[in-house]
Each structure stands twice: as C-alpha cells, then as structure tokens.
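Participant: Before we start, here is the structure in question, set down as structure tokens.
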Amino acid sequence: MRLVLLGPPGAGKGTQAALLSEKLGVPHISTGDLFRANIGEGTPLGLEAKSYIDAGKLVPTDVTARMVESRLAEPDAAAGFLLDGFPRTVEQADILTELLAASDLNLDGVLNFRVSEDVVVERMLSRGRADDNEETIRTRLGVYRDETAPLIEHYGDAIIEIKAEGEVAEINDRALAALKS
Ligand code: AMP
C-alpha cells in the first residue's frame, strides 16, 4: 500500500502513521524525522536543512526530493510506504508522481487528517519540539495554508478524509475503516 498522509502541522500525522505502519506492514517515512536524524548526526544534509527547519520554512525542494528518492529506493519501501510530510507543495507532488511512474507505480490514496487550527496549536505547544515555539508555529501554519493545502484539490478523488480530533485510538480506527472502504 502506497499512501500519502496530509494535514496541517500538529494534526497527529506522525502518531497515526506509526500505528498504521505497524498494522499495514509498510514503513513510515517522515521527511521531518529524516531531517531531524540528519541534524542529530551532523551530516551535510542536516546542516543545510537546519536553518529552514528552525525558522519553520520549507527546506528547498531539490534537497528534500533527493532525500525522499533515496529513502524510497531502500528495500523496505518496495512493498509500500506511508509518506508523512512529503509532498508539501504541488511541485513536490509532481516530483513524487514522476518518481513512482518511473517504476510503473502510483499512489493508492491520500489520507487527509482534518483538524481545527485551535487543536493544532494546542498539540504543537504540548509536544515541546525545538521548532514548536509560537512564532515558528505561526510560520508553519502559514506555509501549510499557502503551499500544502492546495494539495487537497490537486489529489482530488484520491483524497480519503479522516476526522482527526479526539483520541489517538479512535482516530486510528477511523483511518483503518476509511482505508478498507
Ligand atoms: P514535520 O516534522 O513534518 O513537521 O517537519 C518539520 C520541518 O521539516 C518542516 O517545518 C520543514 O522545515 C521541514 N520539512 C519536512 N518535510 C518537508 C518537505 N516535504 N519539504 C520541505 N521541508 C520539509
């Protein structure tokens, strides 16, 4: 199963992706986690990405897309994946489509996690990540609205809507049910 997870920052995509990954038996690939691992290890990629992440801005697409391409080429992603945090722009979505098409593949669906902005801010302020201060949160929500939200229309009929407010287990049940139907 090849899925993309969409939703604003703080929608709980990462938490849901980890649960879905276990149940569906495909890897959870989070570009944010990949960047944070690179920053932690002090790699050149991490050094390049850090200033953008700290400011709540998007890392340049060429850098991000190269990282995703090499992750998708790893053997565990051959049977499928849950992409969390990529694509974040229509340009990135087109790159992903081309990347998959080169191997005669396409996406099976795009889960869109729906949450109100109040819940999102509350969740981000409670998780205490380095880039979760109020100013950066505001920037990231703006980036989401301007650059990422248009993906909902872009993916059209492939979108599977998930109501993402409430308990983690409840949201997970909803996502699994939506995938089955
Ligand atoms: P996340 O963990 O998904 O909230 O991502 C944290 C940060 O990593 C974002 O605010 C961006 O700076 C960067 N990032 C993650 N995914 C992407 C992407 N697809 N394109 C550009 N930047 C990204």
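Just so you know, glycine gets a Cβ as well, placed from its N, Cα and C.
Okay, these came from TrEMBL:
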- GLY10, ALA11, GLY12, LYS13, GLY14, THR15, ARG127, GLY166: ATP binding site (BINDING)
- THR31, ARG36, LYS57, LEU58, VAL59, GLY85, PHE86, PRO87, ARG88, GLN92, ARG129, ARG140: AMP binding site (BINDING)
- 30-59: region 'NMP' (REGION)
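Could you place the listed features in the three-dimensional structure?
Facilitator: Under 8 Å, Cβ to Cβ, and six or more positions away along its own chain, GLY12 (ATP binding site) finds PHE113, VAL115, ARG123, ALA164, VAL168, ILE171. According to its DSSP assignment, GLY12 (ATP binding site) is coil.
Sequence-distant contacts (6 or more apart, same chain, Cβ under 8 Å) of VAL59 (AMP binding site) comprise PHE35, GLU48, ALA49, TYR52, ILE53.
Mapped onto DSSP helix, strand and coil, the region 'NMP' (30-59) counts 23 helix, 1 strand, 6 coil.
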Participant: Across all protein chains in the structure, which of the binding-site residues GLY10, GLY14, GLY166 has the highest Cβ count within 10 Å?
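Facilitator: It comes out as GLY10.
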Participant: Which binding-site residues from the list GLY12, THR31, VAL59, PHE86, ARG88, ARG127 come close to ligand 1, meaning a Cβ under 6 Å from one of its atoms?
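Facilitator: Checked binding-site residues vs ligand 1; flagged THR31, VAL59, PHE86, ARG88.
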Participant: For the region 'NMP' (30-59), what's the mean pLDDT in this predicted model?
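Facilitator: Residues in the region 'NMP' (30-59) carry a mean pLDDT of 97 in this prediction.
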Participant: Applying a 10 Å Cβ distance cut-off over all chains shown, what neighbour count does ARG127 (ATP binding site) have?
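Facilitator: I count 10 other Cβ atoms within 10 Å of it.
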Participant: Write down the Cα-Cα distance for ARG129 (AMP binding site) and GLY166 (ATP binding site), rounded and given in Å.
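Facilitator: Distance (Cα to Cα, whole Å): 21 Å.
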Participant: Using Cα coordinates, what distance in whole Å links ARG129 (AMP binding site) and LYS13 (ATP binding site)?
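Facilitator: Their Cα atoms are separated by 15 Å.
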